[in-house]
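Please read the structure below before turning to the comments.
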Amino acid sequence: MIWTDVPTPWGMRFQDAATPNAEGMHELYDHMMYYLALMLGLVSYMLYVMMKDYKNNTFAYKYIKHGQTLEIMWTMFPAVMLLLMAFPSFMLLYLCDEVLTPAMTVKVVGLQWYWKYEYSDFVSETGETVEYESYVMPEDMLEEGQLRLLDTDTSMVVPVDTHVRFMVTANDVLHCFTMPSLGIKVDACPGRLNQVSALMQRTGVYYGQCSELCGVNHGLMPIKTECVPIGDFVEWLGEQENVYVA
């Protein structure tokens, strides 16, 4: 199966979901589009009937003072439609904010104009946490198959089927940590920690970008996340200078 985990030229749809939160967002969008199409069809039909009857009817509508039944209908019907869209939306919003029993935590720090990742659950023999910085790959250093303005020199590596909590903050100005395939979009604010969680259900490479205007090089802050099997993640940890689990 081919997955769309990166932006495509002239793409007019969502990237494929890799987490339950992202799947819920896609389903909510589909349901809302159905309700909106239903309302558009009904309103268009009413306008068509009104214009057609008004043209052929010599009776002056200015003598019609009110229509209680009609007024109730055009008040209650939109209200019901709004409730049908609001309840699933609020449920998904609160579910996305819930962070319960994460298996591991990754701290994400936004800086002008790069990202820094800290794995606070894993420390080296010297007591230092695993941390590194991620910069956009210069165009003259891109290899075949790499993406312009999306690939980075280092990736954030996380294990598959693992509840990961992201603690997001910034060191200078406002940034925004955004991963469309994971259903993540959280502000990175200086002096404040925002948290969001993700359960990636399949391996792959996912891309995102800073979504908050943060300066002249705002467009040069890509995010590259590699979701790997747990065995590969442990092997990657072993390459990070004698790391053990805290």
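Just so it is clear, glycine is given a Cβ too, placed from its N, Cα and C backbone atoms.
Annotated features in Swiss-Prot:
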TRANSMEM  31-51  transmembrane segment
TRANSMEM  72-92  transmembrane segment
BINDING   His175, Cys210, Cys214, Met221  Cu cation A1 binding site
BINDING   Cys210, Glu212, Cys214, His218  Cu cation A2 binding site
BINDING   Glu212  Mg(2+) binding site
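The Cβ centroid of Cys210, Glu212, Cys214, His218 marks the Cu cation A2 site; residues of that chain outside this set whose Cβ lies within 8 Å of it are Gly110, Trp113, Val173, Leu174, His175, Cys176, Ser211, Leu213, Gly215, Met221, given in sequence order. If you draw a 10 Å sphere around the CB of Met221 (Cu cation A1 binding site), it holds 28 other CB atoms from the protein chains shown.
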